[in-house]
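Record features, source TrEMBL:
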{"type": "DOMAIN", "residues": "9-385", "note": "domain 'Major facilitator superfamily (MFS) profile'"}
{"type": "TRANSMEM", "residues": "46-64", "note": "transmembrane segment"}
{"type": "TRANSMEM", "residues": "76-94", "note": "transmembrane segment"}
{"type": "TRANSMEM", "residues": "106-126", "note": "transmembrane segment"}
{"type": "TRANSMEM", "residues": "138-160", "note": "transmembrane segment"}
{"type": "TRANSMEM", "residues": "166-185", "note": "transmembrane segment"}
{"type": "TRANSMEM", "residues": "210-235", "note": "transmembrane segment"}
{"type": "TRANSMEM", "residues": "241-262", "note": "transmembrane segment"}
{"type": "TRANSMEM", "residues": "274-291", "note": "transmembrane segment"}
{"type": "TRANSMEM", "residues": "297-316", "note": "transmembrane segment"}
{"type": "TRANSMEM", "residues": "336-357", "note": "transmembrane segment"}
{"type": "TRANSMEM", "residues": "363-382", "note": "transmembrane segment"}
Amino acid sequence: MQQRLWSQAFLGMSFSSLFQYMTHYSLITVLPILVINQFSGSVFQAGLAMTFFQIGAIASRPLAGRLIDSCNKRKILLLFLGAFFVINVLYFFITNINFLLGLRVFHGIAFAVGTTSTATVAALVLPNSRKGEGIGYFAAFSNLAMVIGPFMGLFCLSNFGPTPFFIFIIILGFLIFFAGTYQKLDKNIILPHEKEKKALSLADFLEPKVFSIAFIGGLVFFAYSGILVFIPLYLKSLNLVNYSSLFFAAFALVIILTRPIIGKLFDKFSAKYIIYPGLFLFFCGFIYLSTAQTPPALLVSAVIIGLGFGALGPSFQTMAVQSVPLERAGVATATYFLALDISVGLGSFFLGLVINYMDYSGMYQFAAAVIAVTAIIFFIVFKNK
């Protein structure tokens, strides 16, 4: 008999994660447009809105893992998901780019601790025999946010304007807090494990066993930032901006539909059987996207990229969690997410520079080259594992 997967705690963490990422993806697609149209900013400044967010996230990820493993997890959820709600309210009062960039730093902090907390608790409440499958489903909620977030954000902005969009963000803030805090959690989950006190070291904030997989996952997310940040602007340059929401919908729908299969295959076979095909598809998707000029071609590229990314994201995260004992799950998750934060921040910055020197097509070809290098590194590091 299979152990239960869909517990109340797992569902609560999953839905809180969904609403956190809906906020994230809505803002990613809408803020570049607001920066350029409302504040007369540049493409580079639009990228900075993401970079400043990542600065806050990167600075707090190591502390997030330490907090989650050493403190009452329910109190951490109450504090930081509450802060998330307050920050969502403050977006309503943005008047200039400087205010926006400052708020993005604090949002990055709340997002880092909030997503690390919900991901850690979700992983801890899953039965070990279904860990890969469960983390795959958990990740599917953030992938669902890739569909709903950009679609709702762009729909609100284009049909009603900035004010209704920010009201939508406030509603998401409330749902984040409610979904992540309403359920009761087992004491074995929320209370820290008693350990002999000793002087703090780097291992209290980062998990060395996760470094290699975090670095490789980070390279994938470096390339992925080209999708996350620049797709609306790329499609605008092609006079196809109305297809932005459809691109994200096709991208995420493929991930959601294939996620149950990917999770079960990961639990049954070696991670290599998932990751190598994922890297190949991800590479091919970027190459095809760089040449796409029509709506059908763009949607095909979204499907190919979605197939690749859908195989890679949860596989790397599961490898990170399974490489450590239970009491290190928070630090391991934070270490892995820290690498992703750094990579997306660097990606949004450097890929923006690539666009300035080349164009969007050249940038996506550059991202494909990064994925090719990633495949080589993965082979070298894990060929005997």
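Each residue, glycine too, has its Cβ placed from N, Cα and C.
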For the domain 'Major facilitator superfamily (MFS) profile' (9-385), the mean pLDDT of the predicted model:
84
Counting only pairs 6 or more apart in sequence, are there at least 3 Cβ pairs under 8 Å between the transmembrane segment (46-64) and the transmembrane segment (166-185)?
no
Look over the recorded stretches 106-126, 138-160, 166-185, 363-382 and say which has the most C-beta pairs under 8 A to the transmembrane segment (297-316).
138-160
Contact check, the transmembrane segment (76-94) vs the transmembrane segment (166-185), 3+ Cβ pairs under 8 Å, seq sep 6+:
yes
Determine which residues of the chain contact the transmembrane segment (336-357) at the Cβ level, with the cut-off under 8 Å and only residues 6 or more beyond its ends counted.
43-44, 46-48, 50-51, 53-55, 57-58, 61-62, 64, 108, 112, 115-116, 119, 206, 210, 213-215, 217-226, 228-230, 316-317, 320, 363, 366-367
Same-chain Cβ contacts of the transmembrane segment (166-185) under 8 Å, 6 or more residues past its ends?
8-9, 11-13, 15-16, 18-20, 22-23, 26-27, 73-74, 77-78, 81-82, 84-89, 91-92, 94, 114, 117-118, 121, 125, 152-153, 156
Cβ pairs under 8 Å with the transmembrane segment (138-160): which stretch of 106-126, 210-235, 241-262, 274-291 has the most?
241-262
Result, the transmembrane segment (210-235) in contact with the transmembrane segment (363-382) (3+ CB pairs under 8 Å):
yes
